[in-house]
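Here's the structure, in structure tokens; my notes come after.
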Amino acid sequence: MKIIVVKNASELGKQAFDLLAKAVDEGAKTLGLATGSSPVELYQEIVASQLDFSQMTSVNLDEYVGLSPENPQSYHYFMNQHLFQYKPFKRSYLPDGQTKDIQAECGRYNQILAENPVDLQVLGIGQNGHIAFNEPGTPFDSVTHEVALTESTIKANARFFNSIDEVPKSAICMGIANIMAAKEIVLLAKGESKAKAIKDMVEGPVTTDVPASVLQKHPNVTVIADQAAASLLK
């Protein structure tokens, strides 16, 4: 696991962009993409660049159950706003949050991942060490599955909705085994609130209590953290 500590979020975006551009340059066909605040600066760098994804495929980690792609809180909407409207891919896949058959959708998404092996996967990390919506306790051999959102996640998301009743109660999410199948992983972390998770991921035991700790077993992981997020590392 390679650790790069940077001064601020804009440096983090630049470092992540350099790794992604190198992968594209070396012939990457499929990029694994993330949502949330962690990759925003990376996407800004991509939008400002000459990178061309028109012959490439993207796959996203997750989507809320029950939200349409037009819903501003959906991850489809987030990706369009931050990246796809400026830099379209030949094909972009996200789980279908409006599916009537969640098990079938998980199977469909596993098939997509099998047919489009990820060359570089972008990840963030949660304060409790989760990757995507894989919360503590998720088995390391998990594949795409429905995840019931924790009470704390629902409360944290409530500010984006008119009422807490509108907040999705579950999400469809790539499993840890799907994430580990990527050839290369770049994990981004910003802010003091992520410092303990980064320390546990890098220095702690490999345990399902800290889902991100499984990345210690991956042969090609780069962690890019700002000084606050890296502040507890030895």
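Think of each number as a place in line: the chain as shown, counted from 1.
Just so you know, glycine gets a Cβ as well, placed from its N, Cα and C.
Residues or ranges marked as active site, proton acceptor in Swiss-Prot: D62 (among others). DSSP classifies D62 (active site, proton acceptor) as strand under the three-state reduction. Within 10 Å of the C-beta atom of D62 (active site, proton acceptor) sit 21 other C-beta atoms, taking all shown protein chains into account.
Taking the Cβ of N128 (active site, for ring-opening step) as centre and 10 Å as the limit, one finds 17 other Cβ atoms among all the protein chains shown. Marked as active site, for ring-opening step by Swiss-Prot on the basis of sequence analysis: N128 (among others).
Per Swiss-Prot, active site, proton acceptor is recorded for H130 (among others), and the stated evidence type is sequence analysis. DSSP assigns H130 (active site, proton acceptor) to coil in the three-state reduction, outside any helix or strand. Cβ contacts within 10 Å of H130 (active site, proton acceptor), excluding its own Cβ and spanning all protein chains shown: 21.
Sequence annotations record features per position, and here Swiss-Prot assigns active site, for ring-opening step to E135 (among others) based on sequence analysis. DSSP classifies E135 (active site, for ring-opening step) as coil under the three-state reduction.
All chains included, 20 other C-beta atoms sit within 10 angstroms of the C-beta of E135 (active site, for ring-opening step). Geometry remark: E135 (active site, for ring-opening step) versus N128 (active site, for ring-opening step), CA distance 8 Å. Between H130 (active site, proton acceptor) and D62 (active site, proton acceptor), the C-alpha separation comes to 13 Å.
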